[in-house]
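One structure is given below, encoded as structure tokens.
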């Protein structure tokens, strides 16, 4: 939530506080009122807006840069286009291995154990449609990633020699893109508005998805069990619907509160997001894997695994923060700040420093080596710790007889090779809403189908707050066209939410509100799934990552190719036939209700952290290109996402998210095209980034302290992404929204090309940024204060002359933020409804919630989650890391242990409940220890060199000459103070 609010406050007069409130309330409103249908449709529209906005910025950026070839050349010369980091050192922040392996698990976490994504699968009418929807994420995510990459290149092309942060014009690295829009694209009437609209829409989309996911989990894992315990009965369908809306509203309110804290984090929003998914999602994914693939694991093993896994990832994540681990950014300067043409850039950086992290303290502390581990590995670590702990505890406490585990809860591979082929008499049961379950014959047919498929304190970065120093850089402002584009962006999701909340049909039960009507198409849900995680965090974070640290995250292309087919053909055949609302219901089926409660609590903890970062990113962009303060921007973003998520439900979230993803792609293309034109072609951009060490992809060091090596990105990233897409309700709810398993699989597979496209676009934007500012770094000049401000700064500095481009850029970022916010709100509402409200109502009222009541409560929960996250978003601005690292770290630290729990349940039949509980706690403790230890010690990545040597030079800028010792490249350093 903090991300879109930050963007909004950066380009409008709204401060970040007001922006967080507005964003959170909007997302909470339409999520609560419209339910899952509203979330889906608003997310679809917002994704279209995101694509349009980013394409506009990309095009204008290429034009201003003189062509994409120029942008690419400068990115190559400035080391931003460097994809050869194959160092196996796990401390390399982004190597081929860390991005591919670690990113795979992080993404897998998002799309398998995160309710925000899983609920989209369950909303599909069939398994085939859900699979198709997931597969669609491959090309769609490719598109978005490509746009992000290209935008990052444009940012570097623009500010590589005049970094806004060095000049004090931005305070956060994630403000770079909004600053670019305000600085370079202000002349383009409507472009700033389109940019903010896209960014804001992305934030709202994610917020609404998150609210619905939280509502689902709370309803299924908290509310219904509590109600059943108290009332000795089940919630009626009507009561469940009411509770679902209430939970979504409550989650929105809570997230609003948390969003205010995101600004205090020093990492970029993309790193914060991935870290959250890794830290929390890893243990959860491990628990799911345990349940699906280890039939011998028991409940004790699951409890131990998820607890220890979560503890370990939390230790890693918070340890890195405490120590002060920061990435070693690629070189930037202020030498070209007053250059009318191009300026020279001579970058010298030791190889050992590149793409690593460093800490500012505790140099002699032996634990520093753990804290220096690439955040990409958080999810993998959480999964492994959870699985190992769960297996050991299960063995010590008595392995569970795998033959007594229901085959539908295990992986088809495990059933085929490990389990006796027995016929299970499946009795028709009543669900929580009093409706008959599927018939025995239907379930048997589904089993056959599965077998066939398987083995056949915030800061102000408004334009008005820019320093008045004479820097030679002129920042444009929002024109009337920009404002018109942005207002339309805000109005569309609101109208979708109103339609599904007041006019549309199909929100009679909590499932309708949280998962949608199950009649949504594969493409819209696939786009919405992209919008769930490709938020404003990615739009600002990935270009900033390329600009400051290089393009090692491009190895996420490998991660996508690994994760999404795995989710579609290994995970979905197990989960989809269960027809769950909350993904954590599986853990109760496989182990017991205690494991489910633990996983639900961990998920809510993860989502409140992550969605706060998501809210901050678009608010940062908006405040960077408009007179609005970051406080106001955050308020607007949070309130908008809360509004249409609460009102329209999951359907509104899906459609707005899909539209916002398309807008993101359009905006990225616009920035790339204009940036390349301004840079005299993509060849020059590439060459410049290669010379500047931004395009070095050969880091194969095995040192786990290397922040981004091939190993850390591929291995760690794989687990991080797996956590996102398997154990996170925000993503899993998209699978459940599909009509069939086949559709859900198609939807997931679409994410391979689509996510790849998005990543490539953002990487190219980062190259353009380095080409523009590699010799005149805005941050060195004091023009920016955060590394994530570089893209907004570039848009306003270089592309503001393109009428409408700043508006398109902000619209795309805003749309991306709204998409993730909406998904998060629905995910939180789902979890709270299922795991909190429904159990409480059943216990105290001695009867289940009615369908209508559940739908209403779901909307209330989405609204509450939006408001809470709105408050938390204001704290994100205080974090010093770039937002992409913060996001990935969150997913790795929390998602890793959860992934281990799910893995144990699916593949280790001998694991019992006690074992998995201890394992989950141990895994979480381990990841938290690593994460917190990194924070405490002060481990920070080394940035690739930037300068200001080109700020006062006229004429043509030669390619930079960069040399960096190998041991320092992509590494981390420990801050001074711990001796």
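The first residue you see is number 1, and the count goes up from there.
Backbone N, Cα and C define each Cβ position, glycine as well.
Residues or ranges marked as transmembrane segment in TrEMBL: 12-33 (among others).
Residues 74, 143-144, 147-148, 150-151, 154-155, 157-158, 177, 180-181, 184-185, 188, 191, 194-199, 201-202, 204-205, 485, 489, 492-493, 496, 527-528, 530-531, 534, 539, 655-682, 684-685, 761, 764-765, 768, 771-772, 791, 794-795, 798-799, 801-802, 804-816, 818-819 of the same chain, all 6+ positions outside the transmembrane segment (45-66), place their C-beta atoms under 8 angstroms from a C-beta of that stretch. What TrEMBL records for 45-66 (among others) is transmembrane segment.
Among the features that TrEMBL reports, transmembrane segment is placed at 134-156 (among others).
Annotation comment: TrEMBL describes 242-262 (among others) as transmembrane segment.
Taken from TrEMBL, the feature transmembrane segment applies to 274-296 (among others).
Under the heading transmembrane segment, TrEMBL lists 599-619 (among others).
Taken from TrEMBL, the feature transmembrane segment applies to 625-645 (among others).
Remote same-chain residues near the transmembrane segment (709-727) are listed as 85-114, 117-118, 134, 274, 277-278, 280-282, 284-285, 287-288, 355, 373-383, 533, 552-553, 555-556, 558-560, 562-564, 566-567, 571, 583, 599, 603, 697-703, 748, 888, 891-892, 894-896, 898-899, 901-902, 970 (criterion: CB distance under 8 Å, separation of at least six residues from the stretch ends). Annotated transmembrane segment per TrEMBL: 709-727 (among others), in sequence order.
Annotation comment: TrEMBL describes 808-833 (among others) as transmembrane segment.
As annotated by TrEMBL, transmembrane segment applies to 854-877 (among others).
Per TrEMBL, the feature transmembrane segment maps to 883-911 (among others). Sequence-remote contacts of a segment are chain residues at least 6 beyond its ends whose Cβ falls under 8 Å from one of its Cβ atoms, and for the transmembrane segment (883-911) they are 3, 93, 102-103, 105-106, 108-110, 112-114, 172-174, 265, 267-298, 301-302, 305-314, 316-318, 320, 327, 375-387, 389-391, 393-395, 399-403, 405, 409-411, 413-414, 418-419, 537-538, 540-542, 544-545, 553, 571, 574, 586-587, 590-591, 595, 599, 602-603, 605-606, 609-610, 613-614, 616-617, 620, 716-717, 719-720, 722-724, 726-728, 788, 876, 919-920, 922-924, 926-928, 930-931, 941.
Here TrEMBL flags 918-944 (among others) as transmembrane segment.
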Next item on the list: Go through the chain and flag residues at least 6 beyond the ends of the transmembrane segment (274-296) whose CB is under 8 A from any CB in it; none is fine as an answer.
Entry: 102-103, 105-106, 108-110, 112-114, 267, 302, 305-306, 309-310, 313-314, 316-317, 375-387, 390-391, 394, 399-402, 405, 409-411, 413-414, 418-419, 571, 574, 583, 586-587, 590-591, 595, 599, 602-603, 605-606, 609-610, 613, 716, 719-724, 726-728, 884-911, 916, 919-920, 923-924, 927-928, 931
